[in-house]
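Note sheet for the following structure.
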């Protein structure tokens with residue numbers, strides 16, 4: 001095993017460029033990355049604060065949306081840490097610091113994915129029982145949120161505690177030179193499968209809601225406000241899911257190609273761009289909240305004023 005080697009040793013092994021000076025491209029990437037990270041941190045802090053102070057948001061679905069904002073906040077911190085430890089600084093990192101850098105990114109993505117899956121299940125349950133909010137107790141929601149973060153941490157730390165290539169250089173990936181290609185394959189396929197499951201769940205929900213509302217709208221006893229609120233909430237979480245899939249799927253596909261050892265795929269050429277696209281998703285979620293929910297917008301104004 002090569003535990004005493006430098007990060008540069010593994011980058012050379014994977015033929016990934018490791019610069020020793022700041023290029024214009026590096027400066028622009030870091031400047032843009034830090035700008036996006038700061039905006040992500042501020043906007044998601046605003047969302048979390050709004051959910052905490054407004055009692056109208058004290059329901060399971062909003063707790064889960066708040067936890068998604070927390071995952072986005074964590075993603076902003078992880079990306080900011082990456083920006084401070086990238087470019088020429090990468091060569092100066094110890095193996096431990098390099099693994100921390102990657103684990104932060106992995107954990108934030110896993111937290112977002114598992115949280116979105118929990119939201120999909122919660123919406124499926126409430127919609128099919130014709131409820132606006134789940135009857136799940138606050139204690140159960142907190143346990144669920146705790147389980148989401150435990151799962152995210154475990155999956156994010158797996159490479160640091162064994163699933164790496166420090167003892168098998170021929171298995172090292174190109175994008176993450178200390179990671180085993182088999183881990184990237186497992187991680188990418190797992191996420192893509194979960195994306196597909198969530199798309200199927202929300203498609204099922206939309207078809208059901210459309211049919212149900214068409215039938216129930218014929219009854220005068222059916223409250224139109226309930227209909228509007230339910231459809232609006234379903235649309236909000238669906239937009240969030242769609243943005244997540246659009247922003248993260250390119251990165252997962254690139255990771256999968258790298259994990260499968262595609263020789264003709266120039267994954268390193270698009271690596272920084274797909275990662276930045278994934279980070280922008282953490283900003284999109286906060287924008288969706290304010291655009292889709294009038295109560296959230298008014299709470300934002302109260303906080304800012």
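Each position is counted from 1, following the chain as shown.
Cβ atoms here come from the backbone N, Cα and C positions, even for glycine.
Just so you know, TrEMBL annotations never went through curation; they're auto-generated.
Residues annotated as domain 'G-protein coupled receptors family 1 profile' in TrEMBL: 43-289.
Annotation comment: TrEMBL describes 27-54 (among others) as transmembrane segment. Counting same-chain residues at least six beyond the ends of the transmembrane segment (27-54), those with a Cβ under 8 angstroms from any Cβ of the stretch are 62-63, 65-66, 69-70, 72-73, 75-77, 79-80, 82-83, 86-87, 272, 276, 279-280, 282-283, 285-287, 289, 295-296, 299-300, 303-304.
TrEMBL lists 61-84 (among others) with the feature transmembrane segment. Tertiary neighbourhood of the transmembrane segment (61-84): same-chain residues 30, 33-34, 36-38, 40-41, 44-45, 47-48, 51-52, 100-101, 104-105, 107-109, 111-112, 115-116, 118-119, 122-123, 126, 133-134, 138, 141-142, 144-145, 148, 152, 233, 237, 240, 275, 279, 281-283, 285-286, 289, selected by CB-CB distance under 8 Å and a gap of 6+ residues from either end.
As annotated by TrEMBL, transmembrane segment applies to 104-121 (among others).
Remote same-chain residues near the transmembrane segment (141-163) are listed as 60, 63-64, 67, 71, 99-100, 102-104, 106-108, 110-111, 114-115, 118, 178-180, 182-183, 187 (criterion: CB distance under 8 Å, separation of at least six residues from the stretch ends). According to TrEMBL, the feature transmembrane segment maps to 141-163 (among others).
Note on the transmembrane segment (183-209): residues 106, 109, 113-114, 116-117, 120-121, 123-124, 127-128, 155, 158-159, 163-164, 173, 175-176, 230-231, 234, 237-238, 241, 244-245, 248-249, 252-253, 255-256, 258-260 of its chain, located 6 or more positions outside it, place their CB under 8 angstroms from a CB of the stretch. If you look up TrEMBL, you'll see 183-209 (among others) marked as transmembrane segment.
Among the features that TrEMBL reports, transmembrane segment is placed at 230-253 (among others). Listed as Cβ neighbours of the transmembrane segment (230-253) (distance under 8 Å, sequence separation of 6 or more from its ends, same chain) are residues 61, 65, 68, 109, 112, 116, 119-120, 123, 127, 132, 188, 191-192, 195, 198-199, 202, 205-206, 209, 213, 270, 274-275, 277-278, 280-281, 284-285, 288-289, 292-293.
Sequence annotations record features per position, and here TrEMBL assigns transmembrane segment to 273-291 (among others). Here the transmembrane segment (273-291) has long-range neighbours at 29, 32-33, 36-37, 39-40, 43-44, 46-47, 65, 68-69, 72-73, 75-76, 79, 105, 109, 236, 239-240, 243-244, 247-248, 250-251, 254, 297, 300, meaning same-chain residues at least 6 beyond its ends whose C-beta is under 8 angstroms from one of its own.
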With the cut-off at Cβ under 8 Å and a gap of six or more residues from its ends, the chain residues touching the transmembrane segment (104-121) are 61, 64-65, 67-68, 70-72, 74-75, 77-79, 81-82, 144, 148-149, 151-153, 155-157, 159, 187, 191, 194-195, 197-198, 201-202, 237, 240-241, 244, 248, 275, 278
